[in-house]
Amino acid sequence: MEPEAPRRRHTHQRGYLLTRNPHLNKDLAFTLEERQQLNIHGLLPPSFNSQEIQVLRVVKNFEHLNSDFDRYLLLMDLQDRNEKLFYRVLTSDIEKFMPIVYTPTVGLACQQYSLVFRKPRGLFITIHDRGHIASVLNAWPEDVIKAIVVTDGERILGLGDLGCNGMGIPVGKLALYTACGGMNPQECLPVILDVGTENEELLKDPLYIGLRQRRVRGSEYDDFLDEFMEAVSSKYGMNCLIQFEDFANVNAFRLLNKYRNQYCTFNDDIQGTASVAVAGLLAALRITKNKLSDQTILFQGAGEAALGIAHLIVMALEKEGLPKEKAIKKIWLVDSKGLIVKGRASLTQEKEKFAHEHEEMKNLEAIVQEIKPTALIGVAAIGGAFSEQILKDMAAFNERPIIFALSNPTSKAECSAEQCYKITKGRAIFASGSPFDPVTLPNGQTLYPGQGNNSYVFPGVALGVVACGLRQITDNIFLTTAEVIAQQVSDKHLEEGRLYPPLNTIRDVSLKIAEKIVKDAYQEKTATVYPEPQNKEAFVRSQMYSTDYDQILPDCYSWPEEVQKIQTKVDQ
């Protein structure tokens, strides 16, 4: 089959400025005709490269660098210079590059963001812009925005309050919207809402790029968020997707519950994490050969991630036929004060739902011995929380214990894959939030740890939601997504210890998630894009961003020769 002809794209830009436009720049892939017509001939070396050669050049530079942070800077500079090449590089080996553009390296990048800030990659909206947020949105050069990732920087990964430095998270997240889900990067907008910071180091740092003040809270904060949501929806439409990211626990659930029925919004820390964790559990059940309702699940952590997973597990149990009250009893949570039980002081409304009749306990090892869970899920960002004794006990209670160490970055993981596999003698069904290398057991068997990365979830969800114009994102979408992800795990993957499809298939996974969301949306009459496409897969695929270069030339074409005949005589 012959390759498709490049898409023709017209621009009024010419000369040097065109080579500085990352949406149009092709570096040495410009043809001679393009260079001459666009007035950039002479600005580039007299060499003509294919995109494959350009990728090779980037990879060579990437591999010569000694630290992941330097590799991150290399890729961010490429994103600023040549957008299509940046995404071609990412998609050429997503397993290799994802840990650089997102977790775990993005955590270090956020800590250093004030030091390495180069140029705007998103909007910085501050509390002092109240009453004028609509005007600030007008500063962004793109008129069509279909997806926004927004944070206030208060709980960046497991690193805490990084204030304005948290901008690295929306930027990295939206890069994965495109690399993993095919969203058009020009239709994506990273946003930081700067309301101050409680981080003393940042407040004293002369290089800090954010507001030097304590965080604004209460009604002033809420009014600010209300104005932001209204301004975004007014400018970009009610079906502009707004993803909340890395908000503090105290705000995350509250804001999700406040906005979920008014706007097209979701919280990835709550719902995305829940979906990928439940996907891992569903895949694990194919190894344990039993049902979700046969499990007793213990969480180390009771923040937004833990509660989000717990709520989605309850939904999955209800779908399996278990009444909600019985489903809740299958789930136990441990927070910083110990086991969450009825009558314990200072329980939030969300935690109260999962409080059971039991004596108070504080020590995690003792709690594991008491509850005897079949599945242990860590989401508290306490590195090493799953001690050797806990792992031994899990293996003693269960033939195939399910152990998920989901905290990010790697330094916050509850245990490593090697510790888990070796202490349980390879019987554990393990997944982690950050990537771990394969582990070879004494018997020669090599196990590949499953990475429960939210990137399996949010790109496909965003692609599906945007494609059919959904105006609300329900929890059922995330349960459906979990089921789709689990279905993509083959028996061979399970034998290798993988609970998730290989990352290099993530675009295909996103396509299947989006296709299912689109099918359900039209069936449930919640889609707003009409007429309804007959072939849903082809429809979604047509929405996906191509990393192939466009042909940037004027639209030239021929007329019939007889029409073009030059008149040489005046008719008498």
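Backbone N, Cα and C atoms are what each Cβ position is placed from, and that goes for glycine too.
Site annotation (Swiss-Prot): divalent metal cation is bound by Glu245, Asp246, and the candidate from Asp222, Asp223, Asp269 recorded at this site is Asp269. Using a 10 Å Cα-Cα cut-off around Asp269 (divalent metal cation binding site), the recorded positions Tyr102, Lys173, Ala302, Ala305, Val314, Leu317 reduce to Ala305. Among the recorded positions listed here, namely Glu245, Leu317, Ser336, Glu245 has its C-alpha nearest to that of Tyr102 (active site, proton donor). Taking the Cα atom of each, His311 (NADP(+) binding site) and Glu245 (divalent metal cation binding site) are about 18 angstrom apart.
Look at the Cβ of each of the binding-site residues Arg155, His311 and count the other Cβ atoms within 10 Å; the largest number goes with Arg155. Ranked by Cβ neighbours within 10 A across all protein chains shown, the binding-site residues Ala302, Ala305, Val314, Leu317 are led by Ala305. Close to Ala302 (NADP(+) binding site), meaning Cα to Cα within 10 A, are the following recorded positions out of Lys173, Glu245, Asp246, Ser336: Ser336.
The divalent metal cation site, placed at the center of the C-beta atoms of Glu245, Asp246, Asp269, has further neighbours from the same chain whose C-beta lies within 8 angstroms: Thr151, Arg155, Ile156, Ile169, Phe244, Phe247, Ala252, Asn267, Asp268.
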